[in-house]
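> The following block contains the structure, expressed as structure tokens.
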Amino acid sequence: MEVKKKDIRALTKEQLREFFVKHGDKAFRGNQVYEWLWQKSAYSFEDMTNISLETRQMLEDNFVINHIKVDQMQRSSDGTIKNAVRLHDDLVVESVLIPTASRTTACVSSQVGCSLDCRFCATARLKRMRNLNPDEIYDQVVAIDNESRLYHNRPLSNIVFMGMGEPLMNYNNVLKAIDKITSPEGLGMSPKRIVVSTSGVPKMIKKMADDNVKFKLAVSLHSAIDDIRTSIMPFNSTFPLHDLREALQYWYAATKNRITYEYVVWDGINDKRKDVEALVEFCKFAPSKVNLIEYNPIDDGEFQQATSKAIDMYVSILEANNITVTVRRSRGKDIDAACGQLANKS
Ligand code: SAH
């Protein structure tokens, strides 16, 4: 009977060290192999030249090294790059490189498809769903870092978990990936340059606070009125605004980090004065920033971007209440790489 070999990159450093001790070797061997797997992105055990042949064979007998494969790379006229990433089981996710004058940001996926059902988001329509493993998240970042060096002559500077999926529904793996991204044996990036974006899972936001995480939090709010939010983000009936706000208060008390809200204003849905007033009321408990994101149409015109008059009203009322507000234009629309457009179309 053929034994199914384990993915060695699913092991933590500690587990690798224990593995070697169990096999009569030194724990330190685990550190060496760990460095090959993460910092040096080795694709085979053969590459691990400072490990004895015999040990490499033993690893080969026990494990496989899975890596993602960038199947297709599309470049937008504005410099944005979208990668279609094939996983070891042939499923595909997407990640995006977003360049600005001073930074390169990687927008990475945390799930194949999504656990949630936002009605304006293309990813929510994908049927298939599984969580990404830590190595699959890490590899997306490495691929974008390489592309940033190649096409923009600088390393990756920031990471946002705003690709496919709900990161807080795959919390453990997202945390493990961030651990490797920030560790010196991985990419050594500062956690302050990483933003995890959530539709708002109260229990997990509290857990993040308890776990004392160092990365930043963004919340896709879109409405501060329960009925409206439930109509566009149906899971809001399970996690209503009251619970979300309580969790965010807990998060702020623990971290003292400003909270960023992502917010699209749609015609006839959330473009009235009462909508802005509810938003002000919702976020005034802590220093807040509202990113007004441009809507990227995904289909039939059910949702339409609000008028610039409505956006101006949001900006002036928020500013009058000392809430920082930015109006963000989407990048990479010509290659379906903008917010909410990731759906494995090509
Ligand atoms: N599930 C997480 C991570 C996805 S981030 C979250 O919801 O935060 C993707 C961001 O794009 C979210 O803020 C989401 O609300 C927004 N978005 C989804 N569809 C969009 C669309 N069609 N146009 C603009 N933004 C969209």
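Quick reminder: no glycine exception, Cβ is built from N, Cα and C everywhere.
Annotations in TrEMBL come from automatic prediction, not curation.
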> Ser95, Ser102, Ser190, Ser197: which one does TrEMBL list with Gly165, Glu166, Ser220, Leu221, His222, Asn296 for the S-adenosyl-L-methionine site?
Ser197
> Using only C-alpha positions, which one of Glu94, Cys114, Cys118, Cys121 is spatially nearest Glu166 (S-adenosyl-L-methionine binding site)? These are the recorded positions in the record.
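It is Cys114, whose Cα lies nearest.
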> Residues other than Cys114, Cys118, Cys121 within 8 Å, Cβ to Cβ centroid, of the [4Fe-4S] cluster site?
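Surrounding the site, in chain order, are Leu116, Asp117, Arg119, Phe120, Ala122, Thr123, Ala124, Glu166, Ser199, Gly340.
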> Under a criterion of Cβ-Cβ distance under 8 Å and sequence separation of at least 6, what residues of the same chain contact Glu94 (active site, proton acceptor)?
Lys82, Asn83, Ala84, Val85, Ser109, Gly163, Met164, Ala337, Leu342, Asn344
> Neighbour count, 10 Å Cβ-Cβ cut-off, for Ser197 (S-adenosyl-L-methionine binding site): what number do you get?
21
> Measuring Cα to Cα, tell me the gap between Ser197 (S-adenosyl-L-methionine binding site) and Cys339 (active site, S-methylcysteine intermediate) in whole angstrom.
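So the alpha carbons of Ser197 (S-adenosyl-L-methionine binding site) and Cys339 (active site, S-methylcysteine intermediate) sit roughly 12 Å from each other.
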> Work out the three-state DSSP category of Glu94 (active site, proton acceptor).
strand
> Within the domain 'Radical SAM core' (100-334) only, compute the mean pLDDT.
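Value for the domain 'Radical SAM core' (100-334), mean pLDDT as a whole number: 94.
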